[in-house]
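Notes follow the structure.
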Amino acid sequence: MTYGGRDQQYNKTNYKSRGGDFRGGRNSDRNSYNDRPQGGNYRGGFGGRSNYNQPQELIKPNWDEELPKLPTFEKNFYVEHESVRDRSDSEIAQFRKENEMTISGHDIPKPITTFDEAGFPDYVLNEVKAEGFDKPTGIQCQGWPMALSGRDMVGIAATGSGKTLSYCLPGIVHINAQPLLAPGDGPIVLVLAPTRELAVQIQTECSKFGHSSRIRNTCVYGGVPKSQQIRDLSRGSEIVIATPGRLIDMLEIGKTNLKRVTYLVLDEADRMLDMGFEPQIRKIVDQIRPDRQTLMWSATWPKEVKQLAADYLNDPIQVQVGSLELSASHNITQIVEVVSDFEKRDRLNKYLETASQDNEYKTLIFASTKRMCDDITKYLREDGWPALAIHGDKDQRERDWVLQEFRNGRSPIMVATDVAARGIDVKGINYVINYDMPGNIEDYVHRIGRTGRAGATGTAISFFTEQNKGLGAKLISIMREANQNIPPELLKYDRRSYGGGHPRYGGGRGGRGGYGRRGGYGGGRGGYGGNRQRDGGWGNRGRSNY
């Protein structure tokens, strides 16, 4: 018998050895779950609505009254592997030290060191091994036992450290222990992410590893029409990955609800707060039963994120991989050139000549404004470089196309603004070039972290101008911590009187010789009808028609 696209005979009860029976699990009688005192299906959320299609302000339920009416659920699935159990405290301490791992909280499970030790059921473990991973990352070694134990948790680790699988795989186990969705039910797992690009990437991982369990997922984000997302939600999805604003839209018009959510993930919590999503996050979380399991993931641990965790996590445990001090990956070579605005264009060409010596190069260039993105891209294409731009003025279809062209290497140069690039995770980026420096040191670290991921090496090049002097001291500190060469021209900005500002890196490897211009992009060098010096930008390279 099938129900809602999921095979009723797909039996996960053989997972009993990991935590007893799951109170019926996903193959139990759904009628017992649907026999709720509040009645009916969940469409319309708490309190219902008289007009299903009209936006209604979300009201926080009275959980003292509502929670006793809801069915109980299982969230602790962790059974410690005997190899893990037999490790001594000194061995565990040494492992955590080697992986720069800091923990806080009580009754924290020991870290695992192999996929088999995690205790995932075969239907999850087989998917992981099929991807060819050698061993878990540091955050996964400690994060999986934490998440599988059902505890609220905070995970702090650098971008690209494997955080997505740290919550995705335990989420799949969690779903398979719950009763099946009934018509009108919302998701069981909700993942909130700051950007549509990150949301789509999370969806890709959920689809890949949830396939064997026939788990459905839906990605809900702004910038595109709601119609397809509404259809997907109406069919029922165990996992919803969403940006906060669009999810609130869907909740207010009654197209989904959060009454079945028992596993909540806040991914890149620091970025969501940086982007001003705190009110939306609080409004969403208030709609979710308070006995849920909540997992918060972040690259940094500022006071705003700490406060959010204090307000919504219950007796959390925490793991941090790396220092709490802001730092850059030591796999990244940081090169900084102190330049004028008029020198940037020549320096950019120099580094592209170097990067292009690698036949599989990918270079991500950051600019400060949408206009500058387009200007740089136009100039590069006229000069024969295969460049495309991505920023907020482009519609979602074009953004997706540009990202795909960059990802598969057909256009190995992408120019982006910070907002457009947030959440983008593209494998194999060799170079990051900060044509314009970001507004703060955190964004600098986040930008250059697009290269040098998952053990690979990368190069970050930054053009630092006099206007960026406020970032000088912090930039130098980041470089020193990573044992980078600091150019003498930058050292004059090493003054503690400068507060937060913008780092500007530039740098130079010498070029490796000529680069044959690629055909088929743009229209040669002539005929550009504009002054390249507008926006303080291109300067005069002595070429005709510029």
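Backbone N, Cα and C atoms are what each Cβ position is placed from, and that goes for glycine too.
Swiss-Prot lists Arg18 (among others) with the feature omega-N-methylarginine.
Residues or ranges marked as omega-N-methylarginine in Swiss-Prot (evidence: experimental evidence): Arg43 (among others).
Under the DSSP three-state reduction, Ser88 (phosphoserine) is assigned to coil, being neither helix nor strand. Around the Cβ of Ser88 (phosphoserine), 8 further Cβ atoms fall within 10 Å across all displayed protein chains. The phosphoserine annotation in Swiss-Prot covers Ser88 (among others).
Annotation for Ser90 (phosphoserine): no spatial neighbours, criterion Cβ-Cβ under 8 Å with sequence separation of six or more. Under the heading phosphoserine, Swiss-Prot lists Ser90 (among others), citing a large-scale study or a structure entry as support.
If you look up Swiss-Prot, you'll see 144-319 marked as domain 'Helicase ATP-binding', on the strength of sequence analysis. Across the domain 'Helicase ATP-binding' (144-319), the model assigns an average pLDDT of 93.
The annotation ubiquitin cross-link is assigned in Swiss-Prot to Lys474 on the grounds of a large-scale study or a structure entry. Lys474 (ubiquitin cross-link) carries a helical DSSP state (H, G or I).
Among the features that Swiss-Prot reports, compositional bias 'Gly residues' is placed at 498-540.
The region 'RNA-binding RGG-box' feature in Swiss-Prot is assigned to 505-530.
For Arg509 (among others), the entry in Swiss-Prot reads omega-N-methylarginine.
The dimethylated arginine annotation in Swiss-Prot covers Arg509 (among others), and the record cites experimental evidence as its basis.
Annotated dimethylated arginine per Swiss-Prot: Arg512 (among others), in sequence order.
Feature annotation from Swiss-Prot assigns omega-N-methylarginine to Arg512 (among others).
Residues or ranges marked as omega-N-methylarginine by Swiss-Prot on the basis of experimental evidence: Arg518 (among others).
As annotated by Swiss-Prot, dimethylated arginine applies to Arg518 (among others).
The dimethylated arginine annotation in Swiss-Prot covers Arg525 (among others), and the record cites experimental evidence as its basis.
The annotation omega-N-methylarginine is assigned in Swiss-Prot to Arg525 (among others) on the grounds of experimental evidence.
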